[in-house]
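**Q** Quick paste from TrEMBL:
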- 1-27: region 'Disordered' (REGION)
- 77-99: transmembrane segment (TRANSMEM)
- 132-213: domain 'Late embryogenesis abundant protein LEA-2 subgroup' (DOMAIN)
Amino acid sequence: MSNMEDPNRPVTGYPAPNPHPNGYSANPPPSGAAYPYAAAAPPANAYYNYPNNNAYYPQNYQYDPESVRRANCLRRIFAFVIGLVIIFGTVTFIVWLVLRPQLPEFRVDSFSVSNFTLGNNSLISFTSEIRLTARNPNKKMSLAYDHIEAVIFYKSDSLSETTVPPFSQDTKNETSLTANFAAAGSFVDKSVMDGINGERGKNGNVDFNLRMLSRVRFEAKAWRTRNRECGFLGLTYLVYS
């Protein structure tokens with residue numbers, strides 16, 4: 001027996017050499033020939049139908065151009081109104097910064113009462129004269145007083161009232177006023193009579209209050225406000241002795 005190996009015997013344990021290293025046969029199959037295996041079917045979960053039940057994407061949505069047009073119109077109107085409010089507020093704020101309107105100031109210069117009588121029947125009579133000074137503190141605005149009411153109170157009870165003639169004031173101006181009051185047999189509550197008599201019995205003085213209410217118009221060269229009611233001297237004490 002010979003110990004020499006057969007050279008034509010393939011070596012086991014190693015892959016056989018591939019006669020077609022590029023993976024294709026040198027002799028392609030004839031035209032029309034079918035492959036011996038069937039095409040693989042796609043996996044069962046390759047396609048998934050998502051249910052169209054989202055509220056934001058309705059299944060039967062139809063485009064309505066009329067609704068879109070109305071919505072756009074409402075948005076434009078809303079934006080226009082907001083723009084007007086912003087412009088008006090800005091203009092008003094600028095005017096206020098430039099003009100700085102201030103309320104007028106009043107000062108009582110003198111107060112006199114004569115023929116003061118208060119009977120046991122709660123009837124009061126007196127005449128009074130009050131001299132005042134009205135001052136316009138504004139630098140760029142004049143004032144016009146259309147109507148001025150003046151009332152004398154004892155605590156919260158009205159005793160007499162009168163009106164002051166209308167007048168106008170230039171900027172940084174002072175005007176002297178006179179208000180004349182008269183009460184002839186006016187009825188007052190018993191609490192008013194007891195209070196006045198009690199004060200006169202203690203020190204001979206009686207404290208009264210003066211309130212003035214006026215409609216004032218603020219005016220500038222290119223700007224005028226509406227009439228505004230302003231109250232003055234609501235807590236001013238007038239002492240009668």
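Just so you know, glycine gets a Cβ as well, placed from its N, Cα and C.
Automatic prediction, not curation, is the source of TrEMBL annotations.
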**Q** Please spell out the DSSP helix, strand and coil residue counts for the domain 'Late embryogenesis abundant protein LEA-2 subgroup' (132-213).
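**A** Once the DSSP states are binned, the domain 'Late embryogenesis abundant protein LEA-2 subgroup' (132-213) shows 14 helix, 50 strand, 18 coil.
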**Q** Between 0 and 100, where does the mean pLDDT of the domain 'Late embryogenesis abundant protein LEA-2 subgroup' (132-213) sit?
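**A** 90, rounded to a whole number.
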